[in-house]
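Structure first, then comments.
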Amino acid sequence: MDHGTVHTAVFHANGRKMSWAPDNKVIPNNLIPTAVTSAGKKKQQAAKEFIEKALPLKGDKTPPPVLVMDSLNNQNGSLRNALTSAFKALTCRYADDDDDDDDDLLETKVVPSSDRFLPSVIEASADGRTKAPTAGACGATCDIRNSPNRILKAAEKGNMAEFQRLLAADERRMQFRDSRGRQAIHHAASHDRINILEFILSRPNAELRPVDNEGNTPLHSACTTGAAKAIAFFIQHDPEQLECYNKENQSPLHLATQLNKVASLTALCDFKSQIDVEQKSKHGRTALHLACISDHADAALILLRDFGASPKTTCDNGFYPIHEAAKNASANAMRALLEFCESIGIPRAEMMKLFDADGNVPLHSAVHAGDLKAVELCLESGALISTQQHDLSTPVHLACSQGAMDIVKLMFRCQPDQKMGCLTCSDAQNMIPLHCAAMFDHVDLVNFLVDEGASLNATDKEGRSVLLLAAARSAWKTVASVLKLGADLGLQRDNQRRNLLHHIVLSGGSIEEFTLSLNDRLDEFIQLLNERDTYGCTALHYAARNGQLKSIQSLITLGASVNLKNNDNQSPLHFAAMFGRLNTVRHLLDSKKGHLIINEMDGQGKTPLHIASQCGHVRVVHLLLVKGALLHRDHKGRTPLHYAAMNGYNNTMDQLLAVHSHLLDQTDRDGNTALHMAAMKNRSSTAVNLLNLSCKITKNGLDMTPMDYALHCKHSEVAMAMVTHPIRSDEIMTCQVKAYGCLVEGLTAVMPEVMMTVLDRGISKSKMSHDSEEYFVKYSFTSLQNSETADVVPMTDEPLPVMNIMVRYGREELLSHPLSVKYLETKWNAYGMYFHILNLMVYTVFLGFLTLNAVQLMQDNKKRHHGVSGLEVADAFARPSIATLSSMTSVIVLSFVLFNVVKEAFQLIQQRTKYFVDVMNILEWTLYLASGLMALSQLTRTEEKSYQNIVAALAVFLAWFNYLLFLQRFNRVGLYVVMFLEILSTLLRVVMVFSVLIIAFGLSFHILLARVELSLKQPVLDARTGNVTFKAISLSDKGFHSPLVSLIRVGTMMLGEIDFLGTYLRPLRNLENSTWYQIVTATLFLVAFIILMPILLMNLLIGLAVGDIETVRRNAQLKRLTMQVRLHTDLERKLPKKILEAVDRTEMCIYPNQKGTGNIMWRTIKRWFGSPRNNVTSGGGGGANGKNLSKSFTQQIESNINEIQEQLSRQKDKIREISKNLELQLTLVRLLVSKMEIKSEAEELDEGEFNSANLARDTTEQLDGQTDVK
């Protein structure tokens, strides 16, 4: 087998022929195993021997062969498996044992074929991927030398010939990367292959600075392996790589230092002039920092001696290199650093005095690290153990906090003269080292420090001695040890006057264990039982607050008093009731003095029953009531029910009322009932509960009801719950409120959403199908009008009082509510429609005669007589003719005018100054005056004057305009009329604002065009003489000859009447030379005018009209509804009460699916002048299809809402059932625990609220107390 060729081992069936391709030489018989046709292990062994002899020896550079198995059937399956496994194992001999890269190993993959094994290829693949089987004749080959990894292998080995061959075959192989993202240049650099690097450099467009996955350049790779030649090569040819940082923000210098590559540092040192040794990596650390962190003494020494690194450079965290060495227990690096500094004249003592950002010297950092060698080196170098950092703690403080006995002993042994100073030195918390050891329960160290002379009576900033601090931190071993050392119990008090017993209870310690360890000092311990702190609390107060049952039992057994009170006059029973400690309450009440403390009051006059009710602890309340708690009042006259209602504890209220039902309507000193308190605090469920119990709705001493407080505080939830109460809502709606007089006005003014809910309750729907003819909607108007039984708005004779309140506060959403609309509809259909139709008909007659009279005014005046006698007028009515018809219409118009003048005069007397506020009154007066003058001019037969035509035109216009305003009272067209008036109002406001531009352009055009005359003359024919004269043409004829006319002309130009050709373009040809520039200037003004006025202003007006149409519609709807309310109010003032009583209805039912009855004419009249519901709901008629869609959509929504409500109701029932079952299971578990006598840590703690941090830390298993839920 020759080198450089690809060989294929071919095995034919039954082992009769084995050959190599392509030369196809037959293997000698001594290489053909004779046992290949045998079974079992012999067959496998024969296959293995064949491959071992066929493959070249290890070290041979011949590529591995490719094994082709041809025609191996199922009978030879074991042989096939043997060949496969042996071939895969033996091809590994072509992998280089010196290569440490996993991705360079050659892997053998097996390509499976069908059940009948067709010829298949088992290929040694460099990239780990299996190539497709090679079908066909034996001898198909795959060249492994073309593997992409071969170029990386050639770069590693420095095989220039192979590298050049691979690169010549495919230039892209230079960019090939391994699994770590390294290219050939990285491999050559890491293995110091200069020949490969020089060849890469010689190539055009050579890239010397590619980065791998970690951001390392080839120089980084060279520094990681100590490739000195490669380092020198890269610095010489690409020195900028020295400033390149990888993803860890490390330069080659940092990386070499961190990996302790001395050879790399030595190579870099040759180019130290180009290297900034102080360059910083992550966190601002220099290379010297990294050497000290990793304890690389040699690297640190090279950086200091050869590179000139400064030992006094700090990182971003404020640490010097020596601090990093001490903090990371790098004793070797620290020793090298100190020795070098000493060699350059920096004393070791000076290095030991360097402070970091926190004020730590190296000794502090060494103590933090806990390394004994580093501490010893610092002490040998002159570090003082009395050096204080910023918080005034010494290294001894730190060592004592860590419990480092060896370090403390070492420091005291090395510097005995500093020992007493350190033992008495205080930090910022005024703690000595003994405090630090005691607070972390380092009992052996405490004993050592006491033996060394530390004082047990030293106190910290809070006045705690060593004993008290240990007890406060739950360091029970230290407490026992300090007591054995003879600490004085009688003198142990902190700044809050708390003794040892206070701290034991607050920290959750066991008093029983302490009493057992204090046999000889028990009397001294008992003296602490009833001592009070600055708050007046004894240890029993805190035990009762935290629910520590065992401590309470121990304290009571030792003789603690249960009736001592604190500064707020609260006993331990008050504390237990406040935090819901049921068993604690039971223990205190079962004591000898329990019957004396059950009804004791605190500083506010509250008994334990008050406090338990205020906090909602139902079981505690029940226990107190069973034990005989009395219903006292506190200093404000409030009962426990007041406090339960104030905080919304319904179960507590039920518990109290079950025993003392007379509490329900009792008042405090201000006259407030429990319902008042619930309203003040917005407790809606509590208010409903009290109303269900039939509580009274009364006024307090300030004459305020519960609803007054709900309105005053804007508590919408409690107001909603009260006004929608299923039983007492009518009673609540009729109650008077102080601020508004009636509740309806208060809800409308402050809580319109609650009033909406009240109106919603007035609409009820049948439970039948929405498509059924029997389906109905019932409207109840009890919330909108006074009735015989109750007055919603008391003490008023005003018609429609509730609707007028809505109008007064501008509540469009309430006015447009379906109930309000239906209420107005009933009023309209009952009497409003008839009166307004009659009024419209009368006005229509007047409008007809007025129009006819105005038209007759235009007849030939010559046919008229100069006067009209009374006989002629009478004759005209008897035998009317064309000549006298004008006189008859004038008399009718004048009569109508006189009648309306009298009517308006009465209104003026009634309304006074308010009359002139309404613009419609001014318009009607103008109409009547103009109509009267026109009629009088007809009757007096005066000479024709121009003012008669003016008055007639004004009268006709105002009459028809007023007719338009009459139509807004009718529902079909009323909304559009009101929207028209809204848009008109907007237009007038906009025009008033932009009238400035109209004046500006009008005056400009007047100045420029008024006096411009053309050189041409226009022929003019004289009508008298028939002569033709020529008159000069002037631009003043275009409408700019006066300022006023110019303004009007600009107004018409806004509508598009610009006349550009006649006014601006043609005059340019016929102007004199002195005035042509005026036309040019006017043209420029015209361009600005076109941009600002017709384009910008008109689009603005269109945008306001279209874009704001919804707001316009809403405002128009409010104004139309407001107008309807006022019209009905005016009518009801004038109509007799008997008529109103006859037509008023308290409720009505609507059957929407039933067809209407009556003749066609009446249905048409009602459709046009009757029901307003179409306009209200949809803003106008939307067509039959739109109505049907809206109706079906509404029905679908209502159906979905009903279904959701049913589902929620079912879920609520399930949740209640689950809650009951859980309570039963909890009760059963408690019974099982008690019967089986299972002991747990939870038995030491009572149920209730756990607010103490220390208690929560020590408690892991607790049974939840039954606390009331708001």
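Going from the start of the chain as shown, residues are counted 1 onward.
Including glycine, each Cβ sits where the backbone N, Cα and C put it.
Residues annotated as repeat 'ANK' in TrEMBL: 283-316 (among others). Taking Cβ pairs closer than 8 Å, the repeat 'ANK' (283-316) reaches residues 253-254, 256-258, 260-262, 265-266, 269, 272, 275, 277, 322, 324-325, 328-337, 340-341, 346, 351, 354, 356-357 in its own chain, all 6 or more past its ends.
Among the features that TrEMBL reports, repeat 'ANK' is placed at 358-390 (among others). Long-range contacts of the repeat 'ANK' (358-390) within the same chain, counting only residues at least 6 positions beyond its ends with a Cβ under 8 Å from a Cβ of the stretch, are 318, 320, 322-331, 334-335, 338, 347-349, 351-352, 396, 398-399, 402, 404, 406-407, 410-412, 414-415, 418, 421-422, 425, 427.
Counting residues of the repeat 'ANK' (429-461) by DSSP class, helix then strand then coil, yields 16 helix, 0 strand, 17 coil. Positions annotated as repeat 'ANK' by TrEMBL: 429-461 (among others).
Summarising the annotation, TrEMBL assigns repeat 'ANK' to 535-567 (among others). On the 0 to 100 pLDDT scale, the model's mean across the repeat 'ANK' (535-567) is 93.
Annotation comment: TrEMBL describes 568-590 (among others) as repeat 'ANK'.
Annotated repeat 'ANK' per TrEMBL: 604-636 (among others), in sequence order.
Positions annotated as repeat 'ANK' by TrEMBL: 636-657 (among others). Residues of the same chain lying 6 or more positions beyond the ends of the repeat 'ANK' (636-657) and with a Cβ under 8 Å from any Cβ of it are 604-605, 607, 609-610, 612-618, 621-622, 625, 663-664, 666-670, 672, 674-675, 677-678, 680-681, 683, 685-686, 689-690, 693, 1268-1270.
Residues annotated as transmembrane segment in TrEMBL: 833-855 (among others).
What TrEMBL records for 847-1116 is domain 'Ion transport'.
The transmembrane segment annotation in TrEMBL covers 919-937 (among others).
Look at TrEMBL and you will find 949-967 (among others) tagged as transmembrane segment.
Summarising the annotation, TrEMBL assigns transmembrane segment to 987-1009 (among others).
Within the chain, the transmembrane segment (1076-1106) has long-range Cβ neighbours (under 8 A, six or more residues past its boundaries) at 983, 986-987, 990, 994, 997-998, 1001, 1004-1005, 1008-1009, 1012, 1050, 1053-1056, 1058, 1060, 1064, 1067-1068, 1112. What TrEMBL records for 1076-1106 (among others) is transmembrane segment.
For 1194-1225, the entry in TrEMBL reads coiled coil.
What TrEMBL lists as region 'Disordered' is 1242-1270.
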Task = Quickly jot the same-chain residues contacting the repeat 'ANK' (568-590) by Cβ under 8 Å, restricted to those at least six beyond its ends, or write none.
result = 536, 538, 540-541, 543-547, 549, 552-553, 556, 562, 597-598, 600-603, 606, 608-609, 611-612, 615, 617, 619-620, 623-624, 627, 1246-1249, 1251, 1265, 1267
Inquiry  = Going by DSSP assignments with H, G and I as helix and E and B as strand, what are the residue counts for the repeat 'ANK' (358-390)?
reply    = 17 helix, 0 strand, 16 coil
Key: Positions on the same chain near the transmembrane segment (833-855), where near means CB under 8 A and six or more residues out   = 885-886, 889-890, 892-893, 896, 931, 934-935, 938, 952-953, 955-956, 959-960, 962-963, 966, 969-970, 1127, 1131, 1165-1166, 1169-1170
Task = With DSSP as the yardstick, break the repeat 'ANK' (283-316) down into helix, strand and coil residue counts.
result = 18 helix, 0 strand, 16 coil
Task = Tally the residues of the repeat 'ANK' (604-636) by DSSP class, grouping H, G and I as helix, E and B as strand, and everything else as coil.
result = 17 helix, 0 strand, 16 coil
